[in-house]
Amino acid sequence: MANVKCNPDLVRERAKCSFDVNELIHLIDGGENATKEKRHFEETIFSVKELQDAVPEEYLSHKDRYENAVRKATILRDVCREYMKKYNYKPNRFRVGHGVFKDVSPFLLHDGMFVATIIGQGTPEQQAEWLPKAENMQIIGTYAQTELGHGSFIRGLETRATYDPKTEEFILNNATLSSFKWWPGGLGSTVNHCIVVAQLFINGKSYGIQPFIVQIRDLNTHKPLPGVKVGEIGPKMGFQTANNGFLGFENFRIPRMNMLMKNAQVLKDGTFVKGMNEKLTYGTMVMVRVGIVGDCSLNTSLAATIAVRYSAVRHQSKIKAKEPEVQILDYVTQQHKLFIAIASSHVFRNVYSWLSKSYLNVMKDLAQGKQDHLPELHATACCLKAVCSRDAGSVVEECRLACGGHGYMTSSNLPLVYGFTIATVTYEGEQTVLLLQTARYLVKAWLAALQGKVLAPSVSYLSDWLKNDNVRWQNTPEGIVKGFQHVAAGKVKAAYDTIQKYIKLGKDYEDAWNLASVQLMKASEAHSRSILCEVSWGEVIRTSASPNLLQVLKQLAQLYLVYWTLETSGDFLVYSNISKDDIAILREKYEELLAAIRPNAVGLVDAFDLRDEILHSTLGSYDGRVYERLMEEALKSPLNQESVNASFHKYLKPLMEKAKL
Ligand SMILES: CC/C=C\C/C=C\C/C=C\C/C=C\CCCCC(=O)SCCNC(=O)CCNC(=O)[C@H](O)C(C)(C)COP(=O)(O)OP(=O)(O)OC[C@H]1O[C@@H](n2cnc3c(N)ncnc32)[C@H](O)[C@@H]1OP(=O)(O)O
Ligand SMILES: Cc1cc2nc3c(=O)[nH]c(=O)nc-3n(C[C@H](O)[C@H](O)[C@H](O)COP(=O)(O)OP(=O)(O)OC[C@H]3O[C@@H](n4cnc5c(N)ncnc54)[C@H](O)[C@@H]3O)c2cc1C
């Protein structure tokens, strides 16, 4: 990239960077070697001509766009397979996926949830049967859980799997419209198999939801099998190439062994054998929620790179009347909009790494029959997924707005990035629903704290606060982290007290819960923010890096802490010992941090190391040829391939002629 002829502003910005950009790239990637491998892999992928689109895909019809995405998905699969064989390297599919598809691969759910569910929910025998076929794409699958009528409340799913002991089969049925599966990615026209989550019935008795592996299309003709009704759900806000679909069954029979039976089993005679914990059936969702926190980091870095580079190149208006127009990045309000995006990406990455380790530890425990830490993992993954996805959506939109009119251009790629980022707020557990899951855990933890019990690490601050809620405020990063814990503890207590108040007024627990649920949701958000602050600050101070880089990483981490303290200063005034003077000091600190980060802004986004092919942006490319690219892309419009469009003769001319009469 260094030899590319760059916009002079970007050249100047890069020259004033105070740290070694390569050092940060290696740190993010996990070492110099990892960067080399990543770059070699990406170089390979993006040099495949067939993966490059001649026409921007927004000009294609819905159908052509889908077909093009499938074409590229199959080529990408082949290239990756060869590459993995040759170099024994496991690539990050999401990064290159953004480059190849711009939007979402029709195989996303195959990789992300179909294969993962076979691993997580299948017995060793079932894995041996299905996994090799799925991994080498002899079969293509998705995860079909959500229905027209139910997504969040999965115990309410209506698809039925009724066991027939005579034939040792399950009979799948969708008797109502609301029971039709709706949303699964790839289901529309791509997959031939699904994990179908359905209500198990044996001898008229319900045994709750269970996962089944179901072939829905003929492997040769791709025609839906008799008894299967399947199709695509149509255009959406984003995810255009994900090929989301609908599905219903009519007396469709599958063998008994197609129920994934790692957790619970149905024996030949119809005996149901309960698993260790019925919530383990929800395991794939926990895994994906953890993954989404990492994805929030990537999505945020895409938007930050585009908006920061553009803001360094774009000059508009003046700060001082007699001086030239400034780079818009010099406006402190612009820095306020953008630097939190850079900081958030680092926070999400650090927290993702911490959460993934917890996830793997709990998986190891579960394999040994220990489930003590599962509730804590579930509660933590839920609130972090909810808050990170919401933050990422807001950050991406702020970056788009920060690019003014050009941010509204599809060719900036910010609208698309927003489309797939904001989807993470809803899928894999709608944000409020997940925050309320965490609130259940917090309320229980609060009760346990009141009873003097020892709490799990992520909530132990509740006991600390109960012992001493009068801790002096300190304007240090550690002091701020404590402050976030005080806010969270104060909110948990307030929500709990509100539930108790309603119960005393004669409400039952469920109604009291619903009445207090805004507070519960806010308590859960505050808990999540306190984890984000504590974990990310902790990770940064433990980072081994050169003094220059460490200084910049600390500035970013502090920016995150101070930004969110100021954003939620009302809460701090209510629930901590912060004073108005402390807030004034933090405001000053915030301005200092923006000024300190300013010279490194371009270096920091360069360190995300996102190739132009991944950014897909006229505004964000490495060379900063913004106006040239905007014009080059505009000229690709089909309307610019002809000097006069047929509509002139058909409609405009007759209109003008009529007007003459
Ligand atoms: C673009 C790239 C994105 C990411 C990249 C990374 C990796 C991923 C790769 C690919 C995936 C990409 C795209 C995905 C596309 C989207 C796919 C989907 O959306 S699939 C559908 C997802 N659906 C949901 O998430 C539904 C949300 N609802 C639920 O999870 C549950 O219904 C509920 C809200 C948790 C409630 O369940 P239920 O009613 O049964 O439970 P209760 O409220 O009664 O609680 C009972 C009890 O159980 C505990 N519990 C609930 N869930 C779990 C769990 N998963 N694990 C452990 N324990 C659980 C709960 O806490 C309660 O405990 P109690 O308080 O009673 O002690
Ligand atoms: C892009 C995209 C891809 C998807 N891919 C898949 C897929 O591959 N496979 C799949 O199975 N599903 C998929 N889904 C479905 C997705 O998982 C659900 O849409 C999601 O879980 C939310 O459920 P819902 O649509 O039922 O929302 P609802 O639950 O109907 O939410 C509507 C409103 O009701 C509120 N609400 C609901 N319950 C409660 C409650 N208990 N307390 C308080 N408020 C509540 C919510 O907060 C929200 O404000 C996808 C969705 C999207 C958008």
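Just so it is clear, glycine is given a Cβ too, placed from its N, Cα and C backbone atoms.
Computed from a predicted structure; not experimentally measured.
As written in TrEMBL, here are the features:
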DOMAIN    20-140  domain 'Acyl-coenzyme A oxidase N-terminal'
BINDING   Thr146, Gly185  FAD binding site
DOMAIN    282-443  domain 'Acyl-CoA oxidase C-alpha1'
ACT_SITE  Glu428  active site, proton acceptor
DOMAIN    477-657  domain 'Acyl-CoA oxidase C-terminal'
Pairwise CA distance, Thr146 (FAD binding site) versus Glu428 (active site, proton acceptor), rounded so that it is a whole Å: 10
Listed in sequence order, residues with CB under 8 A of Gly185 (FAD binding site) and six or more positions away: Val104, Pro106, Leu108, Leu109, Thr142, Tyr143, Phe239, Ala242, Asn243, Asn244
In the chain carrying the residue listed as 'active site, proton acceptor', residues 6 or more apart in sequence that have Cβ under 8 angstroms from it: Met285, Val288, Arg289, Ile292, Lys385
C-beta crowding around Thr146 (FAD binding site), within 10 angstroms: 18
Overall pLDDT of the domain 'Acyl-CoA oxidase C-terminal' (477-657), taken as the mean: 98
For the domain 'Acyl-coenzyme A oxidase N-terminal' (20-140), residues assigned helix / strand / coil by DSSP: 91 helix, 0 strand, 30 coil
